[in-house]
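Structure record follows, encoded as structure tokens.
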Amino acid sequence: MGKYFGTDGVRGEANVELTPELAFKLGRFGGYVLSQHETGTPRVFVARDTRISGEMLESALVAGLLSVGIEVYKLGVLATPGVSYLVRTENASAGVMISASHNPALDNGIKFFGSDGFKLADDQELEIEALLDAEEDTLPRPSAEGLGTLVDYPEGLRKYEKFLVSTGINLEGMKVALDTANGAASVSARDVFLDLQADISVIGEQPNGLNINDGIGSTHPEKLQELVKETGSAVGLAFDGDSDRLIAVDENGDIVDGDKIMFIIGKYLSEKGLLAQNTIVTTVMSNLGFHKALDQHGINKAVTAVGDRYVVEEMRQSNYNLGGEQSGHVIIMDYNTTGDGQLTAIQLTKVMKETGMSLSELAAQVTIYPQKLVNIRVDNSMKHKAMEVPAIAAIIEKMEAEMQGNGRILVRPSGTEPLLRVMAEAPTDEEVDYYVDTIADVVRTEIGIA
């Protein structure tokens, strides 16, 4: 991570940290870095979610792009993966999404996609940061015909919807409940599932700029759970603010998280011989029950650090086609280059329809182990050195020995705060409490701060 760019672009409180001035500079410098080797007029696609600050930041960002001679295609409200898809299929120079994903409405963010539809490499982000920190802006300042032009491109949404529908099958007779989080999916999910002939019910479809992710969506699926039971739906599908993740609800109102969704889709692909190298890419936070289910069905796994960008890196390097996170980011590389909630939802319902199995039956193939996570405040200089403390290393080794292979311990530093995270999984809640609390007590004694 750099000074401005985090693991998912530039984020902050809109108009306080992520200001219009910064958005203008990101448009100007980001547009230049991503298009400097173009021979013709560069084209950049820009979209946003439904936050009240979106149009303010969009205007500033677009002005920056236009100031370096870029032709800007304004997509309006669109899911993040829609930008990625359109950039790649329409041969654009780059794409920019204005969103803070699952964060509350006061936050916003700006993330770039290269011409290949993938998020930027670290060296490209550092190049943009160097321009942001330079004492003087020395980039070209074209005038007259050298300036960029602005094109409204509402047909981008239709093209993305058509693509999504093309990946699915007829869902006639299936009751589907949708929660679009008052976010980007609110402009597309209804149309997509109606085109697939599903019988739908929808909540979270009235964005007002302030209610995105507010007690709704993939991080707050409680209302969707109620809707599924009220309507007798076969499945509930909850997206986040920019629709790059999915959390599902089965016909009984129970949550089906990213681990289970990945397993269901992965097993289906594996049985058809379509799972590349018969491998699913996951992160260290995936549940032990997910790993055991993969082992039982002869499916391989590749494990990365936390963050969908690391999952994508591993997928690209090793040519895997399915990966994701417990949080609901699922990347299906045969179709798109980033997590896509609506695409994942379509593939999940396809498996249900083709197998004739209910979602609860499909999800029951993975037994999720109880999990507990405790955050312990430590000196920032010590959070990366915890395993070098003899007492901490010893207690972890002792707890792992007691588990006898039927549990898991993960101790890792926070990426942004002076915290050490202690996580354990085991067959019962009592065992999880014992393992986590025992380790946490030693960590607090050795390196904890008040």
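Just so you know, glycine gets a Cβ as well, placed from its N, Cα and C.
As the structure is a computational prediction, the values presented were derived from the model and not from experiment.
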Swiss-Prot annotation, Mg(2+) site containing D240, D242, D244 - matching residue among S101, S115, S381: S101
Least surrounded among the recorded positions, given as S101, D244, when other CB atoms within 10 Å are counted: S101
Environment of S101, D240, D242, D244, the listed Mg(2+) site - residues of the same chain whose CB lies within 8 A of the CB centroid: D49, A79, T80, S99, H102, G183, A184, F239, G241, S243, R245, G339, G341
Three-state secondary structure, which DSSP defines for D244 (Mg(2+) binding site): coil
D242 (Mg(2+) binding site) CB neighbourhood, other CB atoms within 10 A: 36
CB contacts for D240 (Mg(2+) binding site) [other CB atoms within 10 A, all chains]: 35
